[in-house]
Structures are given as structure tokens and as C-alpha cells.
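As recorded in Swiss-Prot:
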COMPBIAS  76-90  compositional bias 'Polar residues'
COMPBIAS  109-118  compositional bias 'Basic and acidic residues'
COMPBIAS  122-132  compositional bias 'Basic residues'
REGION    57-68  region 'Important for receptor binding'
REGION    74-177  region 'Disordered'
MOTIF     108-129  motif 'Nuclear localization signal'
SIGNAL    1-24  signal peptide
Amino acid sequence: MLRRLVQQWGVAVFLLSYSVPSCGRSVEELGRRLKRAVSEHQLLHDKGKSIQDLRRRFFLHHLIAEIHTAEIRATSEVSPNSKPAPNTKNHPVRFGSDDEGRYLTQETNKVETYKEQPLKTPGKKKKGKPGKRKEQEKKKRRTRSAWLNSGVAESGLEGDHPYDISATSLELNLRRH
């Protein structure tokens, strides 16, 4: 009995492990067939999309052609001597009443016509006015140069001098913060 069971299991394993051709094709060929079916499916999908896109283009082209010709048809149907429809009223056209000028902003009341400004050249830069900070720096430089020229630096009284730059700059820094 054990021997018979081993034989059956051996045959089953052999059949499962060996690729048996089905309908004359091996298992590998069946796999290729499935792959080919997927690529064919993709091809058909792409064809369908391109056909749908082509139909949409034709539809839009036809629609645009109708829009362009509709204006021509509308103007050609109206004869030059035709009367207006009875429900329309002929109101006189008024251009600018006297009340309009009172309520308009200054921008719209300008009498001057618009003048185009000349294009600015990128090379030219506008000189700005020197700021307060620059003026202070210039004063410091002047006092420093005057201080060095007067010979106070060589006298050894640097810390006791009322115009000591290091003391004034320290005081300025403390005042700022």
C-alpha cells in the first residue's frame, strides 16, 4: 500500500513539474499568447482613443464652421430696407449728459492726452540723496581725519580727549540699541 501511494505521488509530481503541451502548445507558448493578447488589447485601446479623438476633431471643426457661417447667414437674411420688429422702440441715443461730469473721478476728467513715457535705459541709475546714516559716517571720517591731522593721536591723551572717536562710536551704538 505504501508502495502504491509513493507511485501515485511520483506520477502526480512528474505531471505537475513537466510542462505538458495542451492542445499542441506548451505552457510557455500559452504565456506568450496571453502577453500577445494584452498587447493586442492595448493596441485596440489606442486605436479606439485615436478614432474618438478624430471624431472629436471633426465635430469641433464642423461646429466652428457653423459658427463662422452663422454670422454670414444672419447678415445676409436681413435686407437693407427692412423695418425693425414692432416690439422694439427707437430711443434717441444720448452721448454724455451734464450730470456725468460731476460724479466722475479725477482720473477720468483729465484733459491731457496720454503721452507715452520714453523707455528707460538699463545702464543709467538714478542718484539717490545721501541718507542720514551716510551723513553721520562722513562726519565721523572728517572728525577722524581732523583728529589725526591735529596730532592728538600722538599726544597719548586719546581716552581723555572729548573728540575721541572710539568713545563717540560706542555711545552712538548704545543709543541705537
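Cβ from N, Cα, C; glycine included.
Broken down by DSSP into helix, strand and coil, the region 'Important for receptor binding' (57-68) contains 12 helix, 0 strand, 0 coil. The average pLDDT for the region 'Important for receptor binding' (57-68) in the predicted structure is 89.
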